[in-house]
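See structure below.
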Amino acid sequence: MSAAAVDPVSATPMTGSKEMSLEEPKKMTREDWRKKKELEEQRKLGNAPAEVDEEGKDINPHIPQYISSVPWYIDPSKRPTLKHQRPQPEKQKQFSSSGEWYKRGVKENSITTKYRKGACENCGAMTHKRKDCFERPRRVGAKFTGTNIAPDEHVQPQLMFDYDGKRDRWNGYNPEEHMKIVEEYAKVDLAKRTLKAQKLQEELASGKLVEQANSPKHQWGEEEPNSQMEKDHNSEDEDEDKYADDIDMPGQNFDSKRRITVRNLRIREDIAKYLRNLDPNSAYYDPKTRAMRENPYANAGKNPDEVSYAGDNFVRYTGDTISMAQTQLFAWEAYDKGSEVHLQADPTKLELLYKSFKVKKEDFKEQQKESILEKYGGQEHLDAPPAELLLAQTEDYVEYSRHGTVIKGQERAVACSKYEEDVKINNHTHIWGSYWKEGRWGYKCCHSFFKYSYCTGEAGKESVNSEECIITGATAEESVKKPQALLELHQEKLKEEKKKKKKKKKHRKSSSDSDDEERKQEKLKKALNAEEARLLHVKEIMQIDERKRPYNSIYETREPTEEEMEAYRMKRQRPDDPMASFLGQ
C-alpha cells in the first residue's frame, strides 16, 4: 500500500484551516489496512452502511477506487465524495426560461431631450459608441449640443433555449391576443341580436305577428313546420350549424335541427391491399409505407384495366413524372458534352435550355425534310388525305348477294400481281413465264429457260429441239443394246461400286500415310525452333537482375502438344549422360 492512503474511518472531518490541508498523510499500518479492506467487503455485501458524501447521498461501494478517489487539487482533505465525477455547475450552459421571448413593437413615445452619460458622442443613443455609429458625423456632436438626440436602437435579447425550448410551438405566444378574437365574435353576436330584436319590433308594429296569432291554422295547431316565423326564430341556430355538414366525422351524420349525431352503419366493401392476393410470391406489401407497387393480380391472368386495384406503380407515370425524367436525361447528356447544368441546382436554367433545344431540334427536322423534298421531290404524296378519310364512307352504291358476289353497282377490282407485268427485256417478244416445260419456266419466243438471256428467236427453238432429239436417240440406242434383266443390272452396279471403293481406299492409304509423315516432320521442326527460342529467352532472363525480371503470369498456360514434348526431350540437357560433353561440339 502506498504511503498516500488514508483510513477513511479514522480521518477526522476537515475544519477548513490551511494547517489541516497541508498536513502530510500518515502511513497506514498493516492492521488499519486489513480493517479497511474488511469494511469494504462488508459494505459490498450489504452488512455495513455505505459511505455518505457531504450532501448526505450514499456512495455505491462497488465503484472502483480510481473513480471514487478524489484528486488532491480538488479536495486535499480526501473526504468521501463523488462530486468530482458529476457535471460542474460552472461548465453547465445557462438556457433561457420559457417566459422569455423577443421584444415585439417599438416604443415611439419616449423621446430623450438630454445627453446621457455613456451614450454615443455623435448621435446620443445609448446602444452603441461613437466608432460604431451609422449616422452621418455631425460637426458638433450631441454630447456638446444636447439637441437632436437619436432614439435607442431596438436591440433584441440573445435567447438560448434547450432541446425542448427550441421545439415548443407555443413559445412566445401571448394568450391575451386570443381575447381580440373573442371580443370580435362577441360584437358579431351582439349585432345579430340587435338586428333580430329590431325585426321583431317592426313585425309587431306592422301587425304581422297579430295576424299570424289569430289565423285558424295557428289556433288548431296546423301551422307548417317550415313557416317564415319559424325560419326567423331558428336563423341563429342555422348560422351556428352552417358548416356542420362539412366537418362531420367519417361514418357519422350530424343533424343540425335535432342536434344529435347519427351513426352510419354501412357495410364497408373496400379490401385491404395485402388481402387481395394471399399468395406469398405475389406483389410485395410494405407495411411501413403501406405501399404495394406491383399488381397483386399479375399471376392470376387478369387484365389490369378490369381490376379495381392494380398496384401503386401507376403514380410513376402520372403528372409530370415522365417530363421530369426526360429533363433529367437531357441534363445528364448536356453535362457529358460540357454544359454546366443540373436539375436540382439550376432547374430554371435547365428548363429554358431544354425548351430551346426542343425548338431547335424541330427546326432542324423541318429543314432536313424540306431539303430532301427539294432534292428528290414527292411532296404530292405527303399532301394525300389521311387513311381514315380514304377508307371512309362513299356515295358509290354497291349491292351484294348472299354469297358475296356483286349484283348491282361497282364490281370488285382484280387483284394486281406483286411482280412486274408486260415488261419485255433483251429483245424478247414474250414475257418471262410464258413458256413452261418439265417443271421450268422460260420464254415462249425462243424456248430459253434463262431469265436474263438474249432472245435467239426460231434458231433457239431449233437448237433446243435438236439437243432433245440427240439425247432421246442416245438413250434409245442404249436401251436397244442389251435388254438385261433388273437383277443383272443391280449386280453390275454393285460390282462397279465395290471397284470404286477399293480404288479410293488404296489411294487414301498411300496419300494419307505420306501426308501424315510430312505434317509430323513440319510440326516437329516448328516445335524445335520454338524450343530453341525459348531456351535463348530463358538464358537472357537469367542474366537480368532478379528484381527487374518480368512476371511469369504473362505467359499462356496450356497443355503441351506431342511435338513440343518431343522437342523438349531432344533439347534437354542430361548431366548424367557420359556423352553430354560432346553434344555441344
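Counting starts with 1 at the first residue shown.
Glycine too: its Cβ is placed from the backbone N, Cα and C atoms.
Listed in Swiss-Prot for this protein:
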- S2: N-acetylserine (MOD_RES)
- 20-44: compositional bias 'Basic and acidic residues' (COMPBIAS)
- 129-169: motif 'Bipartite nuclear localization signal' (MOTIF)
- S215: phosphoserine (MOD_RES)
- S227: phosphoserine (MOD_RES)
- S235: phosphoserine (MOD_RES)
- 517-529: compositional bias 'Basic and acidic residues' (COMPBIAS)
- 556-577: compositional bias 'Basic and acidic residues' (COMPBIAS)
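Across the compositional bias 'Basic and acidic residues' (556-577), the DSSP tally of helix, strand and coil residues reads 10 helix, 0 strand, 12 coil. Helix, strand and coil counts under DSSP for the compositional bias 'Basic and acidic residues' (517-529) come to 13 helix, 0 strand, 0 coil. Residues in the motif 'Bipartite nuclear localization signal' (129-169) partition by DSSP class (helix H, G, I; strand E, B; coil) as 11 helix, 0 strand, 30 coil. Annotation note: S215 (phosphoserine) sits in a coil segment as assigned by DSSP.
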